[in-house]
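Trainee: Encoded as structure tokens, here's the structure I'll be asking about.
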């Protein structure tokens, strides 16, 4: 009798998780919500990469120095990565949908102002608008969208895994469109048409916001607690200051006293942030999360994996544009296979997650980051794209598109809804900016110590650093796998010292 009741209970649970969530009145409503998820990730990754093929065009039009080029990309990642935890916290309190709609508005305004810098000829306007408006807007969208997904869909359900995979599928789509579409727009008259790359982005923000207004479900996590203002202040300064110091060191070096001062004060600010969070009733980041070895290992793995990816992207397009003399369109076309392979990788996630677990996917993604970056760092710039670069694009796409969904799937079931999206998005965006800054410092020091080096040799120094970062990600993924294997459960977050609620992350899809 007990076995029969248990079987009936399982059948009811499986039936409940396979049904459309009650927040969606019709199947069309749910489909449109999934469309919003994909578009939001496209906006995030598209903003990350939309300057890659336009480095030379924008620098020439705005009279920017070569040393400041890394800020054209890093300014966005720095701010968005530093603020995502904060915007997730605000979404928990004021409502996820409200923060998402604010994010669309800020991204729309920021994109227009970035485009208007063409008329003012101000590189500072370009960088500040991307950081203060466009990046802040994007940081409001993704963690709160993942919060809604975590609230609406049953924990551990196959349906939820599919939804997060669709969310992840927006990453390769956005990355490719961010590289390819600016090349198409600027093909015939680059210096006068490049602002339309950002105007097109603004138009996409409007379209997505209209769909979101009607189809985002009105759900709440029931959190009416106070805002952690002190945590916000010290957390943002700590993350942004540490990142800024490394990126600025690539331009001025460490000879400038203010740079060292910002670096030291940012570390102190992060320490104060930790102390503040321990004593606040509604912390931005629960200190128990920081104390959990497996969660920290997973997050640092994501940080290093995506950091190597950011370094790779920057230097790959430096080679295309400045060594191989490709135009923006030709350089963007070389990234198109990434889209197809990335979508295939995302489609495999719901199937593989039930067979090799999320930790297994994490290890595969780290290996793909390493192998892909290594191939590109060893590829001669003028060799045929189909001989080595095409293989590198295929492999690297699996790194990006296994990492994001698997880590989201794990943490969205194990942490408060907003925290899961905030943590993963923070690590991905922050890692791309931080390690790019460090790589530029490495490139700068190599160039100063070996002034006779060619441009390609200096670029290789930055690429080899990115390979080293990917190696560390691989080591961390192995450590994570061993920790899971040695534990009593397949759930990587099981920790007797941490009372964070958790659920099984391995499911049977058969």
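Backbone N, Cα and C define each Cβ position, glycine as well.
In TrEMBL, annotation is done automatically, which means it is predicted and not curated.
Given the structure is predicted, the values throughout are model-derived calculations rather than measurements.
Sharing the record's features from TrEMBL:
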| type | residues | note |
| --- | --- | --- |
| DOMAIN | 30-485 | domain 'Major facilitator superfamily (MFS) profile' |
| TRANSMEM | 70-87 | transmembrane segment |
| TRANSMEM | 131-149 | transmembrane segment |
| TRANSMEM | 161-184 | transmembrane segment |
| TRANSMEM | 196-217 | transmembrane segment |
| TRANSMEM | 229-246 | transmembrane segment |
| TRANSMEM | 258-274 | transmembrane segment |
| TRANSMEM | 295-315 | transmembrane segment |
| TRANSMEM | 335-353 | transmembrane segment |
| TRANSMEM | 360-378 | transmembrane segment |
| TRANSMEM | 390-411 | transmembrane segment |
| TRANSMEM | 423-442 | transmembrane segment |
| TRANSMEM | 462-482 | transmembrane segment |
Trainee: Per the definition of 3+ C-beta pairs under 8 A with sequence separation of 6 or more, do the transmembrane segment (335-353) and the transmembrane segment (161-184) touch?
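Mentor: Between the transmembrane segment (335-353) and the transmembrane segment (161-184), contact is present.
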Trainee: Report, as numbers and ranges, every residue of the chain located at least six residues beyond the transmembrane segment (258-274) whose Cβ falls under 8 Å of a Cβ in that stretch; write 'none' if there are none.
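Mentor: Tertiary neighbours of the transmembrane segment (258-274) are 231, 234-235, 237-242, 244-246, 248-249, 252, 287, 290.
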Trainee: Would you call the transmembrane segment (390-411) and the transmembrane segment (161-184) in contact, using three or more Cβ pairs under 8 Å, pairs 6 or more apart in sequence?
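Mentor: When sequence-distant Cβ pairs are counted, the transmembrane segment (161-184) touches the transmembrane segment (390-411), since at least 3 lie under 8 Å.
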Trainee: Between 70-87, 161-184, 229-246, 462-482, who has the most Cβ pairs under 8 Å to the transmembrane segment (360-378)?
Mentor: 462-482
Trainee: How about long-range neighbours of the transmembrane segment (423-442): same chain, 6 or more residues beyond its ends, C-beta under 8 Å?
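Mentor: Non-local partners: 44, 48, 70, 73-74, 76-78, 80-82, 84-85, 139, 142-143, 146, 239, 242-243, 246-251, 253, 285, 289, 299-300, 302-311, 313-315, 403-404, 407-408, 411, 415, 461-462, 465-466, 469.
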Trainee: For the transmembrane segment (70-87), give me same-chain residues lying six or more residues beyond its boundaries with a C-beta closer than 8 angstroms to one of its C-beta atoms, as numbers and ranges.
Mentor: 44, 47-49, 51-52, 54-55, 58-59, 64, 99, 103, 126-128, 130-132, 134-136, 138-140, 142-144, 232, 235-236, 239-240, 243-244, 247, 250-251, 284-285, 310, 313-314, 422-423, 425-434, 436-437, 440
